[in-house]
Structure formats: structure tokens, C-alpha cells
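Take a look at the structure below.
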Amino acid sequence: MEAVSSEYYFPLYSALGYFALVFGIGEIARIITAKYVSPRGNSQLFLYELIGTIQMCTCVYENGIIFKNYGFPAIFICVALLLTAGNIFNRGAMTNCAPIFEQFVFGNLGSSKFLTILSAQLIGATFASKFAYLIWNITAPYSTAHLENASNLECILHYKQTAGIVIGFEIVGAFVVRIVVAQLLARPALIKLIPFAISAYLSLALYVVGVPGLNPIVATARLYGCRGIDNSSFFILYWFCPVLGWLTGAYVVGQKSPSKKSAKDVKAEKKAKAAAKKSD
């Protein structure tokens, strides 16, 4: 009984070691970046985003082990904790293109920084699979779960619903998540629940649809090139749909462009400038 019990937790130990290694390497890379790369310009911003994206997308590859061996409750907790850890360690890296599209569209992010962040995310998504398989191959002699993953190069997407429902789920899901995030951000005591809210949606999508999206960068890293969906459908489903839902949610919660300030805001700014001049 004791032997069976210990074997049951072997995949968990493998996953925890994997996550610790990925975050450890990521943190070392961030420390080196902070020490040797100037915060002036976009170089440090690019590297932080690149490191964070590789780190988070590489961790997504290991989530399959958690779900396969421990089911929905475990994957919910796992994703929530990974997102929480990302918020702590990632130095502000977004690792998701939907928020930067939002900031750019509403005029809160310049084109230079927008392209810097987006290019870092795309490059990071490209390299995530290589890092995941590298770790699996190195640790395969010590982990049956990693040995199985390292030897399995086939990726097939299985959807539980029709195309229309899957598309609707992506749009509505991103819309709802954006609104929920806004509500939690408005209450400082509840901000820490944001990763759990996102994880709850992803777990629900996994149960209902079979292949969750929400984050186009993560979807690209993990799902692009898999059998079961062509390239055009992939970009519609995992890029256009979630970004559309996210931007719609941002519009509903009142994301404002700097060029569309209210008369009250403009008046307050003028008073502040006048007061500043008097103090000079």
C-alpha cells in the first residue's frame, strides 16, 4: 500500500521539480538582465518579456502530466499557483498579447513598446517547446512521466463541441474574464484572486470544449502545428476570437483612451499644472 501510494505521487514530484527548474532558470536570467542591461530604451523590457514568456509557456507543457494523473481539481490549483508565481517573479512581463493589444488600441502603449513586447512574446512562444523537450530528455532516466513525454512527438487536438460553440466559447470566455479581472482589480483585497479566476475559466474550458485558449501566446506555444486544426482556423480561434472578446470586455468596463478624457479630468489637470507653476 505504501509503495502504491509513493508511486502515485511520482508524477507530481516530477512536475514540481520541472516547475522549480524552469522558474529558477528564469529568475537567474532576470537577475543577470537587471544587472547588465540598462532599463533605458526597450532592451530590458524585451528581455524580461522574452524570459517570462519562455518560462510560462514551458510550464504549460508540464500541465498535461498534472491533468493526466490527478484530474480537474489538480490542474485548477496548478495553473492558479503558476500564474500567482508568475505575477511575483516576472518583473511585470505580461506573457499574453491580449492586454498589450488593449493598451495599444486604447492609446495607452506606444507602437515601439507594443512591437517590442509582442516580438518578445512570439519569440518566447517559439522556443518554449524546445526547452520543454530538452528538460524532458535530460530528466527522462529519472521520471517515467518525462520519458513518456519526451518520446511522444505527436500532437492531436480533440474538441468536445462543434466549431461554432468552440468559437463562441473563446470570444465570450475572454470577454467575461476581462470583466472579472476589472472587478477584482477594483478591490485591492481581491487582486490575489485573479489567477484563480483565470484558472477557473481554463479548467471550465478544458471540461466543456476540450482545448482551452484565452491566451494567444500560450496557445501558439503549445498548440500551433498540432493535428486537428488548420493554420487559418488556428489564428481565427486562438488569436482573433480571444483578442476580440478581451477588447470588447475592456470597452465595456470603461477603458479610456488618453485622447478621450472627460471635461472634468481636463479641468483637474489644468488646475494641477497651475498649482505646480505657482509653487515654482
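Any Cβ shown, glycine's included, is placed from N, Cα and C.
What you see is a predicted model, and the numbers here were worked out from it, not measured in a lab.
Topological domains recorded in Swiss-Prot put Ser6 on the same membrane side as Arg187. Comparison of 9-29, 65-85, 115-135, 194-214, 234-254 by number of C-beta pairs under 8 angstroms to the transmembrane segment (165-185) places 234-254 first.
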